[in-house]
Amino acid sequence: MQLSISNPLILVYVLITGAVATPLLGPVTPRTACSGNTPSTRSEWCNYSIDTDYSTIVPDTGVMREYWLELSDVTVAPDGISRAAMAVNGSIPGPTLIGDWGDTFVIHVKNSLTTSNNGTSFHFHGIRQNYTNAQDGVSSITQCPTAPGESITYTWRATQYGSSWYHSHFSLQAWEGVFGGIIINGPATANYDEDLGTLLLNDWDHSTVDELYNYAQTVGPPTLANGLINGTNTFEDGGSRFTMSLTSGTSYRLRLVNGAIDTHWKFMIDNHTLTVIASDFVPVVPFTVDYVNIGMGQRYDVIVTADQTDLADNFWLRAIPQSACSDNDNGDGILGIVNYDGASVTDPSTIRLDYGADACDDETDNLVPYIAKEVGGSDLSALEDAGIALQGNLFKWTLNSTSLLTDWAAPTLMQVLAGTKDYEADDAVIKLPSANQWFYLVIETDLAVTHPIHLHGHDFFVLAQGTGAYSSSVALKLNNPPRRDVAMLPASGHLVMAWETDNPGVWLLHCHIGWHTSEGFALQFVERFDEIATVAENTYVVDTCDTWSTFSDANLVVQEDSGI
């Protein structure tokens, strides 16, 4: 059950203003009517196709998708247990933002969190923000928080297509309920009949994450009580199951999103296989599995065919927390129901696949990007050791002994626009001054904890990923390696990433475990400093900071975490 109180006002209209055929945000001309992308021709898309390299070519749709979103403090009971939360347009998850490849999105966000008195920011996870760094929506990196009673507008171009989510990037607010899906329609690497949209997988507790944070930073990650599938589940005798109705013989696209604060899932539907066609925003050569491993912040587009009608009318859909990563008190009970052909919905009798021991695995070995690319050599590199440091009695995550601590009132982008080239040590800045160079980043840890590593502003290439320390003897995959925006750093292991410096801006890299983000597990990259002022408007950044400073001074706001 989605907790819907109100719906967003959405306007879709066409701009009649010139023509630009690049990935940059700018005026676009209306597209003409086109055919293609039917159930039997999903590889086609207007005058483009799955063979079009979306990193260099983007359709000129001329369409603007405009959304109005409002944040509010609410009381909800998604699993039957009432608690305080925050919602987008009164809903958890919030409304899904939907558009087509090449569309311009304009999202107006009003902060009405007047009970909790929280600031906010909105990040559109995985959106490259190509030459639109100021729209990335990260507190203390690209903007000051938007104060209660204030509004902000984000504008960006959909240069990619696929599935993702938006979420707050202000402290732990995303996991209080400030999140929702993103669908950008485009071609696909396999055919299917119907698109069922996003399926958001979240862990959930009956205390708020803000209430749990002190435990997380003094004792360790708390065990959460439950999980939600598209905003609903049962707990004890309350709540309701998510139900998905299928017609036998029909194939369906599901857009899986892991929106958890600290849960790595195995996702499956009993007795059905899943054909994976995309990871994050990257189309892949299709592969078929019994279940998908999905880390925090990761997305997989999968196709499931309703071909098991001879076995049952109802099947369990399972999101199984992996105890090797974190614990959940309802580990066997985060379930939905797949129902065939309008039969009575009853608890299924199907049995879970035996997949062996729980593990925080990545799907890397299966991922072959459909558009093949090679990674060039690099003279630019950095090696970062992930660890834990105690500050007083508080746990803080570090990279090379630095725990990121930024200032909500002085975002790095504002500093850059003011001409600042030197930063505090705990800003954890790595400078990438030159254009179109390959940069290699190695992150390693000797701690037995797995981390989902997310990079803003880029898809990165996964060159190596394994247990043990990185050394020059580790083979790097340079010929069409997997690329995505979230990959797992293995426990007691290493992750080698690469990307080109092709997008000027201030870009964050961080662990997507919410506790670890707030505890400082992050870096930021100032990429192509000399060009940033040409792609980010100083007034846009400064005005938000002026209103935030006025609010925070008047309300004695205290920043209690890393600032992101």
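Placed from the backbone N, Cα and C atoms, the Cβ positions cover glycine too.
Pulled from TrEMBL, these are the features on record:
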- 1-21: signal peptide (SIGNAL)
- 73-187: domain 'Plastocyanin-like' (DOMAIN)
- 198-342: domain 'Plastocyanin-like' (DOMAIN)
- 407-528: domain 'Plastocyanin-like' (DOMAIN)
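In terms of DSSP helix, strand and coil, the domain 'Plastocyanin-like' (407-528) has 14 helix, 53 strand, 55 coil. In the domain 'Plastocyanin-like' (198-342), helix, strand and coil residues by DSSP number 10 helix, 74 strand, 61 coil.
In the predicted model, residues of the domain 'Plastocyanin-like' (73-187) average a pLDDT of 97.
Counted with DSSP, the domain 'Plastocyanin-like' (73-187) comes out as 7 helix, 55 strand, 53 coil.
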